[in-house]
Amino acid sequence: MTKVLVLYYSMYGHVETMAKAIAEGAGSVEGVEVTIKRVPELMTDEQAKKAGVKLDQSAPIATPSELADYDAIIFGTPTRFGNMCAQMRNFLDQTGGLWAGGKLINKVGSVFTSTGTQHGGQETTITSFHTNLFHYGMIVVGVPYSCQEMTNMNEITGGTPYGASTLAGGDGSRQPSENEIKIAKCQGVHVAKVAKKQSAS
């Protein structure tokens, strides 16, 4: 059984929604087992409530050491000035032991994101995140253009060859669109298929 982890941080629920879509896509591949987890919050409960953080997320909290248990990891993060959020950065900074032991070498890695605006750093967030995956020795996978929704020019939409993405809007009111959800599912399917082949080799 090929094991895929969808690991994310979501402040207002947009990345959480995308994570569920990616997990659905990955889980549709025969012989693949999918787990959804999230990284810990750095804010106190009081700070999080004041900031409007979505606290009722069902995904359990992950620990850095368990990353080695999976054949593929699909990371989800909102953007912070074109980079990953502090919560994800803090989590990855605790993986030095995994890196030193080569525990993530030849595992499949992929990234998805959410931004507030159309040009809010979707691609830079994903590609800068890839640097970490290269250091781990992971096989980096994005979204192929065989996913038809990638070429949709009829609406403002997220979705890049580097990874799925969504636009939250300046006030967070915009939810992932049908097109963005379909791209997220495509990413899940693609990563799962690559991981299945890799784990069988």
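Placed from the backbone N, Cα and C atoms, the Cβ positions cover glycine too.
Keep in mind the model is a prediction, meaning the values are calculated, not measured.
Averaged across the domain 'Flavodoxin-like' (4-191), pLDDT for the predicted model comes to 97. The domain 'Flavodoxin-like' annotation in Swiss-Prot covers 4-191.
Residues or ranges marked as FMN binding site in Swiss-Prot: 10-15, 79-81, 114-120, His135. Here Thr117 (FMN binding site) comes close to Leu167, Gly169, Gly170: these same-chain residues lie at least six apart in sequence, with C-beta atoms under 8 angstroms from its C-beta.
DSSP assigns Tyr12 (NAD(+) binding site) to coil, not to a helix or a strand. Annotation source Swiss-Prot lists NAD(+) binding site at Tyr12.
Neighbour density for Trp99 (substrate binding site): within 10 A of its CB lie 15 other CB atoms from the protein chains shown. What Swiss-Prot lists as substrate binding site is Trp99, and the listing cites sequence analysis.
When other Cβ atoms within 10 Å of the Cβ of Tyr12 (NAD(+) binding site) are tallied across all protein chains shown, the result is 18. In this structure, Trp99 (substrate binding site) is part of a helix by DSSP.
Ser114 (FMN binding site) sits 27 Å from Trp99 (substrate binding site), counting Cα to Cα. Ranking the binding-site residues Gly13, Gly120 by how many Cβ atoms sit within 10 Å of each one's Cβ puts Gly120 at the top.
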